[in-house]
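Novice: Quick one: the structure is below, questions incoming.
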Amino acid sequence: MAKQKIRVRYAPSPTGHLHIGNARTALFNYLFARHNKGTMVLRIEDTDQKRNVEGGSKSQMENLHWLGIDWDEGPDKGGDFGPYRQSERKDIYNKYIQQLIDEGKAYYSYKTEEELEAQREEQRAMGIAPHYTYEYEGMTADEIKEAQAAAEAKGLKPVVRIHIPENRTYAWEDMVKGKVSFESDTIGGDFVIQKRDGMPTYNFAVVIDDHLMEITHVLRGDDHVANTPKQLVVYEALGWEPPKFGHMTLIINSETGKKLSKRDESVLQFIEQYRDLGYLPDAMFNFITLLGWSPVGESEIFSQRELIKSFDPKRLSKSPAAFDQKKLEWINNQYVKKADRDLLLDLALNNLQEAGLVDKEISPEKMEWVRQLVNIYAVQMSYTKQIVDIAKIFFEEAPELSDAEIEEIKKDDARPVIEEFKKQLNAVPRFTAVQAMNAIQATRRETGVKGRKLFMPIRIAATRSMVGPGIGEAIELMGKEKVNKHIDLTLKQLSDLGL
């Protein structure tokens, strides 16, 4: 018997930007498909017209491509199983809804939202879990037709509900969780498969699509576990074999231990936000893969090729995955250190221009200056937008000194060191990092001061900061005019302090 060709799908709703959780779902499906030389399908689930955001699907596809996730079939690529937007498949859904109605497995329901809410309130008051109860209980076929005709005459629009068999167990062997089962009386009663506006519900449309698109494995988030028994009801009613299901654990905030929620403002949760900050796509791909999947060995840095080769759903965790911002920054920094410098230059330049620190129209000389700036900070940056803050001493005319910095330059040897350094620095033939270091060594010889007492006053006076890149590199990048202004300002502050 030939081995079944694996077909998976990522099926987002175009309700906004690409969320970390959705990106993980797409990524795991992508890795599973590529590892098994299978097919990745992109399907847009846009049946909820009220929640759809204009440009939402385009934004999601762009960010998937940015991450390095591609697909074989989809709305932009076509394929043998299209259309790949649910809004374009309405006739297909209607065909199977009518089939279920004709077979007596589904029916029109005219209960209003007010009646349904009153029913739920009554059930809650009785201590019963809210559920739909069959509105035609005990009625003959003719009586049901009369009741439906009367509802139609009132102008009521029906939904279509599917019958849930009584005393049934709906179970599946989950690829992540193992054996999962639900009793039919816990599903909530006969559920809606077609809304009043004629659009199918999620739990119906997804079954039709997965079956007709020959999806073999459904890897999705833990929040879909409760949907699965409803989908199994539909599969059974249509006489179809369901795919294999795997439900990935929740992603939690590592600091609060709570589920990562879109309302949690302590964590950036959309791929586009990380893109704008200058995170690298390979680093994000690497980090997201580790949210609920454990590689063999101790290493945490992997290329996409390595992840495709080693991906095994058996190593998906049953415990919640902790979203650790510091770990993401560390991983991205590993990639930044090794990244092509031209790529970093493009990203950092964009960040500096967005912050208004560098003009949009940039000269070749200024471009070279920015290149040097990026090169000296590349090792430090967790993401390129950090350069806006950590390199601010290069853009401010006269940065204020902190209390700690003022205390440093008030020390006994500070003024003589600063004055001697200014003299030595202005005597060098070229204003370079090497010449700046030569001036520092000459200052040491002339003053007899060394170590921190030598370097700290010079750094503060020349750059107006206790921290920064190598002092020689910083002085070269700042240039002679700015460094002299900084030193003169520092000496004036000392004079104002009577030192």
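All positions are counted from 1 along the displayed chain.
The backbone N, Cα and C atoms fix where each Cβ goes, glycine too.
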Novice: Looking at the candidate ranges 49-53, 259-263, 359-363, report the one that Swiss-Prot labels motif ''KMSKS' region'.
Specialist: 259-263
Novice: May I ask you to indicate which of 12-22, 177-187, 309-319, 463-473 is given in Swiss-Prot as motif ''HIGH' region'?
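Specialist: Comparing 12-22, 177-187, 309-319, 463-473 with Swiss-Prot, motif ''HIGH' region' matches 12-22.
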Novice: To see if you understand the setup: which same-chain residues, six or more apart in sequence, place their Cβ under 8 Å from that of K262 (ATP binding site)?
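Specialist: Set apart from K262 (ATP binding site) by at least 6 residues yet with Cβ under 8 Å, we have H19, Q269.
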Novice: Quick check on the motif ''KMSKS' region' (259-263): DSSP residue counts for helix, strand, coil, in that order please.
Specialist: 0 helix, 1 strand, 4 coil
Novice: Given a Cβ distance threshold of under 8 angstroms, which distant residues of the chain, six or more beyond its ends, lie next to the motif ''HIGH' region' (12-22)?
Specialist: 44-46, 48, 51-53, 56-57, 59-60, 63-64, 221, 251, 260, 262, 269-272, 288, 291, 323
Novice: Could you give me three numbers for the motif ''HIGH' region' (12-22), the DSSP helix, strand and coil residue counts?
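Specialist: Summed over the motif ''HIGH' region' (12-22), the classes give 3 helix, 1 strand, 7 coil.
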